[in-house]
Amino acid sequence: MWGVRWATELDAAGRGVRAHLGRFRSPPGTVVFERFTRTMPLALLALAVVAFGIGTTEFATMGLLPQIAEGIGVSVPQAGNVVSAYALGVVVGAPVLTGIGARVPHKRLLLWLSGLFVVGNIASALAPDFGLLFAARFLAGLPHGALFGVGAVVASRLVAPDRAARAVSRMFLGLTVANIIGVPAGTALGQQLGWRFAYAAVAVLGLVALAALALFVPHQPRGSQSGVRHELRAMGNRQVAIGLATAVVGFGGFFAVYSYLVPMLTNVTGISDSSTTLVLALYGVGMTLGTLLAGPLTDRALRPTLYAGLTLLAAGLVTFYFTVHSTVPALVTITFIGAMGALITTPVQMLLMAKAKNAPTMAAASNHSAFNLANAGGAWLGGLAISAGWGWASPNLVGAGLAVAGLGLAVVGGLMDRGGRHGVSSEVVASSAAESAAPVPPATAADRG
């Protein structure tokens, strides 16, 4: 009860700020297509800050495993299980929390999910032993996919139909920038002051994001009017299933290499351990460039962008198999692979939102469950290649094969798609409009979020 009242008070403060800035407020229950006014960048910035915090807490843990292991008295491999706990939380939380919140207005759901994210990171900072830390990281991972899924739907509603993918890609920029700034900063903070401070800093960042969401994201209509059953039926759509399979297999190629990038660079390229952080930042730069390209390209031609991204990702991975032996060519190829991996993120997200018709939220959230399955599966297959004695560079060929397989799935989906000839933007807009088309009772004070 206290949480609902607090969220309502935050939203009331936000309405006052937005009124002061002179923004237009559409009636409840309608899809909002707003001009790019002063509040528009702030709304997208708030979503990007959420993505930045998620990216930081997810990946900084990997760089702090020795400190975590020492702090809670376990081995480094055992400490690595907290990474798996977070990933498990993502896989479980995306469909479950989206289903639970199917009837909740999207802004209020964003506030609740952000609050859960903060609680999970505070619990991580305070966990006294391995068991509680494992549970805390699972808790922190639960809202991950739902935040991205709901955030993507909200972002697509903030702009005109032909800019929907660009708006979603701006939210994803927070995730890619986290790999350049947030993860190195969080890792450095944890190494200097202790790993608990890193999680505490992410919790503070989550509070900032929570306030920004309340202040700058406009009122959103309720989610699916028919509730979780309607969302689940949309998940049974053949195009949604093919899209999720494309994400698992295609991104599996990306993660087959990313998971072993550091040992690949140190054992084959000859880069020192101290320089690998800078190389990973280059990867992040490539991902940022790919995300910037993905928005306008996806708005213009979704499937061609997806096909091109997967094709170029496969080509980049094959190239890296040969360039990994030389420093400069390896660094150039790494940047390119990062860009192509990010390039396919937005079209997959928009494809799922479009094909889920009038229940896009769970499909958009489940995309991030697919990413984590791709992470686990790609890392496992890449590890099998190394264990088989094929060499440290062999995950590149495994990854290329997965990218080609993902391309095949995407092409099959395109050939089977007879309803997507008018472009993804129109389909996303139609799905958002249909989702909110059912009659909505007059909003109460508690519903205005």
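Backbone N, Cα and C atoms are what each Cβ position is placed from, and that goes for glycine too.
Annotated in TrEMBL:
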DOMAIN    41-418  domain 'Major facilitator superfamily (MFS) profile'
TRANSMEM  42-65  transmembrane segment
TRANSMEM  85-102  transmembrane segment
TRANSMEM  109-128  transmembrane segment
TRANSMEM  134-160  transmembrane segment
TRANSMEM  172-191  transmembrane segment
TRANSMEM  197-219  transmembrane segment
TRANSMEM  240-262  transmembrane segment
TRANSMEM  274-294  transmembrane segment
TRANSMEM  306-324  transmembrane segment
TRANSMEM  330-352  transmembrane segment
TRANSMEM  373-392  transmembrane segment
TRANSMEM  398-416  transmembrane segment
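Where the transmembrane segment (42-65) meets the stretches 85-102, 109-128, 274-294, 373-392, the count of C-beta pairs under 8 angstroms peaks at 109-128. Same-chain residues lying 6+ beyond the ends of the transmembrane segment (109-128) with a Cβ under 8 Å from its Cβ atoms: 3, 7, 10-11, 50, 53-54, 57, 72, 97, 101, 135-137, 139-144, 146-147, 150-151, 154, 196-197, 199-200, 202-203, 206-207, 209-210, 213-214, 217, 223, 449. Counted over residue pairs 6 or more apart, the CB atoms of the transmembrane segment (306-324) and the transmembrane segment (398-416) come under 8 Å in at least three pairs, which marks the two as touching. Counting residues 6+ beyond its ends, the transmembrane segment (330-352) has Cβ neighbours under 8 Å at 152, 156, 164-165, 168-169, 172, 176, 239-240, 243-244, 246-247, 250-251, 254, 257-258, 261, 265, 269, 279, 282-291, 293-295, 297-298, 302-303, 305-306, 308-310, 312-313, 316-317, 319-320, 323-324, 360, 363-364, 366-367, 413, 424, 428 in the same chain. Taking every recorded stretch in 134-160, 197-219, 274-294, 373-392, 398-416 and counting its Cβ pairs under 8 Å to the transmembrane segment (240-262), the highest total belongs to 398-416.
Contact between the transmembrane segment (172-191) and the transmembrane segment (274-294) is supported by 3 or more Cβ pairs under 8 Å, counting only residues 6 or more apart in sequence.
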